Amino acid sequence: MGSLSLPSPGEQEEKSTIDQTKLFNLFKAQQNYLNHFFQNLDIFQTLTFTQTLLNCRGTILFTGVGKSGFVAQKISQTLISLGIKSGFLSPVDALHGDIGILASDDLLVLFSKSGNSEELLRLVPCAKAKGAYLISVTSVKPNGLMGLCDLSVHLPLERELCPFDLAPVTSTTIQMVFGDTVAIALMGARNLSKKEYAVNHPAGRIGKSLIFKVKDLMKKKEKLPVCREGDLIMDQLVELTSKGCGCLLVIDDDHHLLGTFTDGDLRRTLKASGERIFKLSVGEMCNRNPRTIGSDAMAVDAMQKMESPPSPVQFLPVVSDDNVLIGIVTLHDLVSAGL
């Protein structure tokens with residue numbers, strides 16, 4: 001049975017290292033190439049492109065091959081997140097049935113560095129037959145797509161950062177910057193509100209902060225740790241600890257909130273009163289002026305209120321306009337919800 005022979009320290013290959021100066025120079029070169037794009041972009045051509053997308057009555061479909069295809073997919077997803085009807089159409093799959101998604105009211109935006117990709121050139125006449133409006137977005141001119149599409153946009157490219165000027169690393173960056181900037185321009189032109197944006201991102205923190213209200217996250221009814229002001233503190237220890245809120249909510253017979261008594265209050269009372277705590281009522285030691293919030297308030301506002309001076313709190317009683325207790329929201333509830 002053979003054994004693995006390890007090279008001696010002197011025989012081990014030296015590890016490759018990254019030269020700091022060379023790395024810095026690469027970033028500077030990429031910056032210069034991007035500046036070339038910004039300085040030479042035809043803004044009137046870009047305005048026509050953006051206005052055409054804004055006026056689209058159907059779906060804005062994007063297509064591309066290779067790295068340009070990935071960029072096209074990303075830009076499409078950006079538009080979708082802004083509530084704009086969009087999608088990605090694979091040029092290969094389109095020729096095998098997927099072109100059925102294309103309608104006469106649609107736009108088809110073709111991303112390509114060279115503008116001569118065979119797959120896109122083959123797709124153009126088929127898309128025209130469907131009656132769609134075609135727009136090419138390319139960086140090399142002249143090219144095949146420019147003469148075939150209804151509108152052409154040129155993205156100025158000095159060269160790729162790749163030492164061979166081959167790997168698409170600068171051209172794709174330019175495509176992404178162009179597409180996403182146009183998307184934000186469309187967002188502004190459509191007067192998309194923050195609330196409308198949040199509706200499209202319900203699982204994200206932004207969406208949650210703009211959608212969730214206190215009533216969506218509060219505990220209520222039998223989950224509330226309630227007591228009366230005449231109840232002895234020691235008789236309410238189970239209620240204080242079992243509901244997981246860290247407090248007691250002191251109410252009257254009509255469920256009006258009179259005050260709160262926290263586990264911190266319990267410790268302070270025990271330290272100050274000693275054995276007298278067995279005779280003290282909750283009403284004698286509770287906070288008669290607690291912070292409260294309404295059920296229709298935004299959950300993110302509840303969190304801010306909990307964290308506000310003079311000292312943070314871990315919960316807020318939820319009350320109606322006439323101070324009737326209807327729930328409680330805790331910091332744990334808000335954090336668990338992703339706020």
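Counting begins at 1 with the first residue displayed.
Every residue gets a Cβ built from N, Cα and C, even glycine.
TrEMBL lists 49-192 with the feature domain 'SIS'. Annotated site 'Catalytically relevant' per TrEMBL: K67, E119, E160, H201, in sequence order. Summarising the annotation, TrEMBL assigns domain 'CBS' to 218-277, 286-339.
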Tally every other Cβ atom lying within 10 Å of the Cβ atom of K67 (site 'Catalytically relevant'). 16
Counting across all protein chains, other CB atoms within 10 angstroms of the CB of E160 (site 'Catalytically relevant') number 20
Rounded to a whole number, how many Å is the Cα of E119 (site 'Catalytically relevant') away from the Cα of E160 (site 'Catalytically relevant')? 23
Using DSSP, what's the helix, strand and coil tally for the domain 'CBS' (286-339)? 15 helix, 15 strand, 24 coil
Return only the integer: C-alpha distance in Å from E160 (site 'Catalytically relevant') to K67 (site 'Catalytically relevant'). 13
